[in-house]
Amino acid sequence: MPFRLLIPLGLLCTLLPLHHGAKNKERVKAMFYHAYDSYLENAFPCLLGIESYRPAGGSTGFSLTLIDALDTLLILGNVSEFQRVVEVLQDNVDFDIDVNASVFETNIRVVGGLLSAHLLSKKAGVEVEAGWPCSGPLLRMAEEAARKLLPAFQTPTGMPYGTVNLLHGVNPGETPVTCTAGIGTFIVEFATLSSLTGDPVFEDVARVALMRLWESRSDIGLVGNHIDVLTGKWVAQDAGIGAGVDSYFEYLVKGAILLQDKKLMAMFLEYNKAIRNYTRFDDWYLWVQMYKGTVSMPVFQSLEAYWPGLQSLIGDIDNAMRTFLNYYTVWKQFGGLPEFYNIPQGYTVDKREGYPLRPELIESAMYLYRATGDPTLLELGRDAVESIEKISKVECGFATIKDLRDHKLDNRMESFFLAETVKYLYLLFDPTNFIHNNGSTFDAVITPYGECILGAGGYIFNTEAHPIDPAALHCCRRLKEEQWEVEDLMREFYSLKRNRSRFQKKRMSSGRWEPPAGPGTFSSPENHDQAREKKAGKQKISLLSCPSQPFTSKLALLGQVFLDSS
């Protein structure tokens, strides 16, 4: 009788995902290099500053594809190319150019990409300068790019314009109408930048913009799609979780985790209640009128597919999986997610049939797989790899799918394909990647402000999938915070001096004086909610109030996103 190796069924079910994961991981890596090498061959260096690459030639927009792809190189294990690109960027990138740039896109792609690459430089074998991570060429580049964006925030409301000229500032006559996401998607990058450089201006303007949006929500707790940053009046009053709003909600949660900020989390949880009450129907999320809650668009947008991943970050796994499976049925129907999908009709929306290889559903699969280990999520990853290879692969990269009904292609490849889509696919299939570190390993770094721990895990991805090490925010603060406290005390002293006469007349019954609101001031969530008789910001027990636990354990409370189930 021939010898047979008998493998228990339970062990076989464990081994199969690992086998297919390794196979698909290599397929994803090959996809990346097919696109990346084609970009280098056909677009670089003549088209260095681009947002999207045309596989058949040409370029559009302003962004830096190399910056967008840089941390993906390290996640795929290509240390030598990471090092080479860092040198190329230092020699070639100049932000003193007469270009009208999207404030939102420049922040998430350029500032976020440079900050991530800066914090990953040592892991990539780059020779870092003394004082790193509190100094370094990539950090200086990120700061320079962010300073080019600051003029956009100089509005009466503190909410930024959508576009700024990198050389001249905001153009005269620039439209004051900005989408909600374009206002509320800065706290991750700007707070990181303030922590590393010691300049609080970046975090300050990001927080003001967040608070202005919070104060502008409707009586039923919803925000619209576009607002006038000069007057604070809503221009588009459709409320939902998708295009124009999406990353505002994302950054409340990620900002709360990154900064251990209870107020930001309380704000999101209050929004989450309103979203569930007015926009959720059978685990789909529709668009409604922000003041009335009546349905305005019964559609699912591909950009909304980030939502299950965001739900997993707050530990709402059951709802996340139900919504994810709804979105996955759309993927299986078309081999991708159309930009708009009419939920009652179960089909695409006219002129919104395309799929530009967006990452959001894959992003949610990666988060949920880390939280649950459900093999269904690996199936989505496998389907995505096969769909993209079969439908969109061309000689010089991967082309946007113009129409999912007949799989016609468009001559462009967005940089987020390299920055996000491929990265989330690879991380879905690579459980041992350093990004998934559970704190069992780390690097101790000596900085001018003392010893600092880096690389322990818990990375926070910005909305362009650039990972930020949360521990880095504590590396450069010790002396800087003392400096900020002195500055705050001086500002308070001069404010009290100017308002001495008011101080004597306007004592409240509690004996605590409240300065009058005026330009440049804003109410806290608690104060604003007292006026509205709401409770956000007043929770006695917070998901983030675990001072005795290590940082990774706090993330475990929020859904075990970056931790193995073991």
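Even glycines carry a Cβ here, placed using N, Cα and C.
Taken from TrEMBL as is:
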- 1-21: signal peptide (SIGNAL)
- E105: active site, proton donor (ACT_SITE)
- D246: active site (ACT_SITE)
- E339: active site, proton donor (ACT_SITE)
- E360: active site (ACT_SITE)
- T463: Ca(2+) binding site (BINDING)
- 505-540: region 'Disordered' (REGION)
- 526-536: compositional bias 'Basic and acidic residues' (COMPBIAS)
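Between the alpha carbons (Cα) of E105 (active site, proton donor) and D246 (active site) lies a span of roughly 14 Å. Within 10 Å of the C-beta of E105 (active site, proton donor) there are 20 other C-beta atoms, taking all protein chains into account. Most Cβ neighbours within 10 Å, among the active-site residues D246, E339: D246 holds that distinction in the structure as shown. The distance from the Cα of D246 (active site) to the Cα of T463 (Ca(2+) binding site) comes to 10 Å.
When the Cα atoms are compared, T463 (Ca(2+) binding site) and E360 (active site) turn out to be 10 Å apart. In sequence order, S302, L303, E304, A305, Y306, G309, L337 constitute the residues six or more apart from E360 (active site) in its chain with CB-CB distances below 8 Å.
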